[in-house]
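Trainee: There's a structure below that I have some questions on.
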Amino acid sequence: MIPLSIRVPASTANVGPGFDSVGIALSLYLHVVVKEKSDKWQVIHSFEDSIPTDDKNLIVSTACKVCPSLSPHIIEVTSNIPLTRGLGSSASAIVAGIELANQLGKLNLTIDQKVQIATNFEGHPDNVAASILGGTVIGALDGKNVSVVRIESKELGVISLIPNEELNTDESRSVLPDVFPFHEAVKASAISNVLVAALCQKKWEVVGEMMERDHFHEPYRLELVPLLPSIRKCAKEFGAYGTALSGAGPSIFILTPYEKRQEIAEQLARVFTSMKVCELEIDHRGITVNKKEHIGL
């Protein structure tokens with residue numbers, strides 16, 4: 001068969017008040033290389049032992065749900081996306097599985113279909129839509145209907161502060177309230193609206209202000225990520241636009257002027273020595289498929 005490789009970017013979700021809606025693709029990647037057919041699915045990887053190497057692997061199980069008639073293959077998976085750190089590792093695996101089914105099953109899925117399927121699996125469009133489309137996305141899931149808008153944000157730099165500790169998404173969601181008072185919802189929604197408008201109009205200072213005024217989730221998750229306020233304060237002093245939890249955490253996501261990202265990252269690394277400080281870029285390509293040769297990490 002023609003060698004096939006799939007590359008899926010990481011993502012950050014929410015960007016503060018854009019809860020389960022706003023996502024940004026990042027320059028960390030999951031790679032899947034499809035090898036020969038086999039009598040059963042085999043996943044070659046060097047991750048921790050808890051990650052399955054058979055058809056229970058999230059990439060393979062997703063692919064088989066999308067196209068149950070797929071012939072088993074041996075696939076090799078590599079990734080520099082940290083697991084359970086709020087950088088879309090599970091979303092990237094779901095997106096990779098959909099593309100694996102699309103390629104091997106010759107499904108000819110459209111971009112919109114991929115986003116719809118991925119959102120149905122994930123439950124919200126922010127991470128998966130960003131990984132599929134690249135750039136910054138704003139999405140909404142209403143019942144089974146998904147609407148997504150993509151915008152460019154090439155003037156922005158990204159820094160991620162990644163702790164050593166993991167934080168399971170289910171655990172992080174468990175601290176959120178079941179009921180949100182109407183007046184709080186109005187306030188939180190207005191802030192989110194201004195965030196999206198500022199992203200579209202490239203008013204980065206306003207973006208930074210809004211992403212630090214979330215009411216939907218960050219106030220409830222602070223107990224799980226206690227360093228967020230001090231990181232936010234330092235990042236602002238160093239010249240960043242704004243700081244927020246990356247997805248459900250525990251990683252911290254910072255938007256900066258593109259030309260200042262390295263300087264700000266170096267300053268933060270000197271202060272927060274217990275965390276891994278990554279200077280990243282926004283990925284503008286989204287998922288890519290290479291049928292000729294695989295370029296590894």
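Heads up, residue numbers simply count up from 1 along the chain you see.
Even glycines carry a Cβ here, placed using N, Cα and C.
As listed in Swiss-Prot for this protein:
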{"type": "BINDING", "residues": "Pro82, Leu83, Thr84, Arg85, Gly86, Leu87, Gly88, Ser89, Ser90, Ala91, Ser92", "note": "ATP binding site"}
Trainee: For the recorded ATP site formed by Pro82, Leu83, Thr84, Arg85, Gly86, Leu87, Gly88, Ser89, Ser90, Ala91, Ser92, which further same-chain residues have Cβ atoms within 8 Å of the site's Cβ center?
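Mentor: Those within range, site residues removed, are Ala10, Ile81, Gly247.
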Trainee: Here are the binding-site residues: Thr84, Ser92. Which has the lowest count of other Cβ atoms within 10 Å?
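Mentor: It is Thr84 that, of the binding-site residues Thr84, Ser92, has the fewest other Cβ atoms within 10 Å.
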Trainee: Fewest other CB within 10 angstroms, which one of the binding-site residues Pro82, Gly86?
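Mentor: Comparing Cβ neighbour counts within 10 Å for the binding-site residues Pro82, Gly86 gives Pro82.
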Trainee: Looking only at Cβ atoms, how many others are within 10 Å of the one on Ser90 (ATP binding site)?
Mentor: 17
Trainee: Tell me the Cβ neighbour count for Gly88 (ATP binding site), meaning other Cβ atoms within 10 Å of its Cβ, over all protein chains shown.
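Mentor: There are 31 of them.
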